[in-house]
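> Here it is, the structure in full.
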Amino acid sequence: MEAEGLDWLLVPLHQLVSWGAAAAMVFGGVVPYIPQYRDIRRTQNADGFSTYVCLVLLVANILRILFWFGRRFESPLLWQSAIMILTMLLMLKLCTEVRVANELNARRRCFADFDPHHFWQWSSFADYVQCVVAFTGVAGYITYLSIDSTLFVETLGFLAVLTEAMLGVPQLYRNHRHQSTEGMSIKMVLMWTSGDAFKTAYFLLKGAPLQFSVCGLLQVLVDLAILGQAYAFARHPQKPVPHTVHPASTKAL
């Protein structure tokens, strides 16, 4: 009787927690990029952030949306993908504008050149949009033709989450190559780690497809490796390399 009497409190409380978890899934993924976005805008220097992170997340979330058409999963995960795509486009827009402003005499590069040596290093945000639209069109057409194949759908889902699991690898490689984490927002990586841990727990509790849980665990490991780099390089810093600061780098957007 006592348990039944508490139903009026427990049921709405459970619903409230469920809504909160769903909202955290939808919007929590973009929160880590807010401090990085603000740092880039404030310093007018995007060298510390790898735009290949944006590439990884754009590909992963486009594939995840296509996977949804073949195997429906939690709606918050679908909305999370749409919001993440918009966020990565905003990050790309800022990074491109800052880089072009600092490279005063650089040769213009565009997507239509189809030059693999300068892939994802274009001079205009519109070129990145063209690439994303082209990829979405090709991947969408292939998915449309193969949507009835269970093997294809499951492989698509695995590729989506595996690509997302590789999110931190471009940043990990950049830090290793420069032997420094200068310009990288530690807050961003800490938020990556906490967000990925929460996301993995959400996958496990909600019974999401196995691909989601396995690759979520892999993401957490990569995040921890980047934090390990930050700790190691802080203890043994490299000698600073002189570089020229362009006048444009001191201007705020």
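Heads up, the Cβ atoms here are built off N, Cα and C, so glycines get one too.
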> To which of the residue ranges 16-37, 214-235 does TrEMBL assign the term transmembrane segment?
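TrEMBL lists transmembrane segment for residues 16-37.
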> Apart from its near flanks, which chain residues at least 6 from the ends of the transmembrane segment (49-71) lie with a Cβ under 8 angstroms of it?
36, 40, 77-78, 80-82, 84-85, 88-89, 91-92, 95, 120, 132, 135-136, 139-140, 143, 147, 152-154, 156-157, 159-161, 163-164, 166-171, 173-174, 183-185, 209
